[in-house]
Amino acid sequence: MLTPVDVGRDESGMPWRLSLVGRHTLVAGRSGSGKGSVLWGSVASLAPWIAQDTVRVHGVDLKRGVEIAMGDGLMYRTAYRPEQALTVLRDLLTIIDERATRMVGQSRLHEAMPGDPLHVLVIDELAALTAYADAEVKKEGNRLLAEILTQGRAMGVVVVAFVQDPKKETVPARGLFTQTIALRLASADEVRMVLGQGMSDEAPAHRIPMNMPGAGYLVTEEGAVARVRAHYWPDLLIKATAAHYPAAKRWVPPLEESSTGGAQFVQAAAAQPDEGGRAPRPRGPRKRSPRRPAHRTEETNVIALEGIRDAPE
């Protein structure tokens, strides 16, 4: 059974665990705010299930692959241009349609298992698809994304998207995401856009210092504001995790799109064992022990989170 992933810690030092099953997640933060740490905390923490084909991650990186390619081995499929992203979204809608046909009268909520996985669509730099692409791509991208956000959750297709500018003009489907995380933002207005009305005082993400990447705010299921900080994932750890837990299945283009041909899936190669016959196991991300704040004020809560992360983004 899939469980929430360990992304970081809260201000008291307790684990910050993020539920991805049955949720669509939007992470907003300015450049350098630590979105990559939340991305890899989410994806790499799914690695054991990825290796079992209980989870398939579709990585869309519209920064030309700079982020997602680092952990390519964890990906079922990747897309680095808006036009490729549209193909990924269309194929996920096909999966939604097929599962809906199969589930009618049998089940209301997909349960992931090996061979019938949870599909996680990770989109880095979402605005490059929904706001900054040419008119046709932008229109189609917003339409497809809205369909996935409204229909995919019950069918085992979820979205984790990352954006710098959370304005409605940039992310028209912003209201369809069921959980949101605010990293460092530019203004109190942006905090309200991400977390809701009245949240800029309780969750002042616009006042997070630039030297605290990975720090942010979210609203829990109970309606409480949580101050959190994502663990730091260095490049070598991302690569080691991808090597140790390679995706069980990899997407291969249809014959007319592929010069190599072959089946729709390929089986991933296992990590090479060491001299003792054991597969190399990567070390975990850097976990920090934050200092507990003396008073529950905005200033001391920010200071308390500084101890969680000791490396720059």
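Just so it is clear, glycine is given a Cβ too, placed from its N, Cα and C backbone atoms.
In TrEMBL, annotation is done automatically, which means it is predicted and not curated.
Since the structure is predicted, the reported quantities are computational estimates derived from the model, not experimental observations.
According to TrEMBL, the domain 'FtsK' annotation covers 2-192.
All protein chains included, G36 (ATP binding site) registers 22 other Cβ atoms within 10 Å of its own Cβ. Annotation source TrEMBL lists ATP binding site at G29, R30, S31, G32, S33, G34, K35, G36.
Marked as region 'Disordered' by TrEMBL: 256-313.
The compositional bias 'Low complexity' feature in TrEMBL is assigned to 263-272.
If you look up TrEMBL, you'll see 280-294 marked as compositional bias 'Basic residues'.
Each of the binding-site residues S31, S33 was scored by other CB atoms within 10 A of its CB, and the lowest score goes to S31. Counted over every protein chain shown, other Cβ atoms within 10 Å are most numerous around G29 among the binding-site residues G29, G32. On its own chain, K35 (ATP binding site) has V27, G29, D124, F162, L183 as residues at least 6 apart in sequence with a Cβ closer than 8 Å to its own Cβ.
Minimal Cβ crowding within 10 Å, among the binding-site residues R30, G34, is found at R30.
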